[in-house]
Each structure stands twice: as C-alpha cells, then as structure tokens.
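The structure is given below, and queries will be raised subsequently.
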Amino acid sequence: MRTDDLIDALAADAGRGTEPAPPRRLALVAGLGGVAALLLVLGWLQARPDLGQAILGPMFWVKAIYTGLLGLAGYLAVERLSRPGGSGRRGWIIGAVVFGACAVAGIYQAITSPDVQAALKLLHGYSWRSCSPRILVLGLPMLALGLWALRGMAPTRPGLAGFAMGLFSGGVVATLYGLHCPEHTFTFLALWYSLGVLALGLIGGWAGRWLLRW
C-alpha cells in the first residue's frame, strides 16, 4: 500500500470515530503539565512578593492572555496534527497574529521611549537572562508528556506535530511563569517570553521527528 493510500485510510477511520480522543488526551497533558509547572514555580522560583497587587494591574493579565493565546494556538495546531493528514493551519494563523500584535506593540513601546537607555531597560527588564531558560525548564515535563501522548495518536507530520506540542506546552507554562515574573512591558514579553515558547517548539519538533515516526 502506498503512503498516501495509508494516510487516506487512517483519515477515514479517524473520521468514523465518535470519541474525542485527541482533545481529551491533550487536556490531560495540559492538566498534568500545568500542575508540574505550577509546583516548580511555587517551590523553585516562588511567586512574586507583590502578586496580590500585581493581579490588580492590566499588564499581569495582558501577559497571561498573550501566553494563553500562544498555548491555544499550539493546542489547535497539535489537535489537528495528531490526526492523519492534519495541517494545523488555524493554529498557525492564530499564533502568527498573536505574536505579530505583541511584537508590534513591543517595537512601538521601544521606539517611543525617551532615549536608548530607556528602550534597553524595556528590553532587558530585570530578568532577561533567566526568563527564556526558565520557561524552557518549566515546559519540559509537559512537552515530554505531550510527545508520549502523541505516540498513541496518528500524526503523519511528526516534526510539525512535535513543534506544535512544544508551542502548546510553552504557552501553558509561560502563563504560570507569570506568577513569578515581575516584568511588565510588551518589549520584554514579545522577545523573551516568545523565545522561551519557541525553544520548546524547536525541541518538540526535533524530538517529534524521531519519537513520532511510524
């Protein structure tokens, strides 16, 4: 049987199924991975001391919405890619639009700063060296769980499915990382948060090529 014929047969079988297995499995991955990340945030990094005050401000929720939407984009992509012949196009479009909007806001914030030093302060914040690596570490447990779950599904684009799972994981854990992170600028968010999420995506894509092959 040719590969295209096999994919078509699997897609037909998947279409006849009545149980939403991928959404249910991905929800379980998000739940377990989110709990693991939350425990790491609270036990290792600890919540920011002014959290009670921070949640009253708009930027705390802007960060959560941004990373949450990145996670949603990754979920939509991996949910489709977990099925034979899926492309994840809707997820990619949402992710690109969300990142683009944040990047534009970050660039505008930087170029309207009074001077170069102020722009660099927006970019570096207080934790630019540690932000992306910490998001990466927080997301590894969820990414590992997600790749394991994908092995029980039927992705026909393993590298892309792994990349989407990495973005899903990164969005979830970056949202929880906001409980610790004191940064509050679009410039910082667009660069360092996004890099942490992207790093998980790249690792997921690399691992998926090997772990999710048929």
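Just so it is clear, glycine is given a Cβ too, placed from its N, Cα and C backbone atoms.
Because the structure is a prediction, the values reported are computed rather than measured.
Dumping what Swiss-Prot says about this protein:
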- 1-25: topological domain 'Cytoplasmic' (TOPO_DOM)
- 47-53: topological domain 'Periplasmic' (TOPO_DOM)
- 75-90: topological domain 'Cytoplasmic' (TOPO_DOM)
- 112-134: topological domain 'Periplasmic' (TOPO_DOM)
- 180-185: topological domain 'Periplasmic' (TOPO_DOM)
- 207-214: topological domain 'Cytoplasmic' (TOPO_DOM)
- 26-46: transmembrane segment (TRANSMEM)
- 54-74: transmembrane segment (TRANSMEM)
- 91-111: transmembrane segment (TRANSMEM)
- 135-155: transmembrane segment (TRANSMEM)
- 159-179: transmembrane segment (TRANSMEM)
- 186-206: transmembrane segment (TRANSMEM)
Could you tell me whether the transmembrane segment (135-155) and the transmembrane segment (54-74) have 3+ CB pairs under 8 A, leaving out pairs under 6 positions apart?
no
At a threshold of under 8 Å on Cβ distances, which of 26-46, 91-111, 186-206 pairs most often with the transmembrane segment (135-155)?
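Going through each listed stretch, the top one turns out to be 26-46.
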According to DSSP, how is the topological domain 'Periplasmic' (47-53) divided among helix, strand and coil residues?
3 helix, 0 strand, 4 coil
Check the topological domain 'Cytoplasmic' (1-25) for me and report the mean pLDDT.
56
Which residues, given as numbers and ranges, are at least 6 beyond the ends of the topological domain 'Cytoplasmic' (207-214) yet have a Cβ under 8 Å from it?
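Distant Cβ neighbours of the topological domain 'Cytoplasmic' (207-214) are 143, 147, 150-151, 155, 158-163, 165.
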By DSSP, how many residues in the topological domain 'Periplasmic' (180-185) are helix, how many strand, and how many coil?
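Summed over the topological domain 'Periplasmic' (180-185), the classes give 0 helix, 0 strand, 6 coil.
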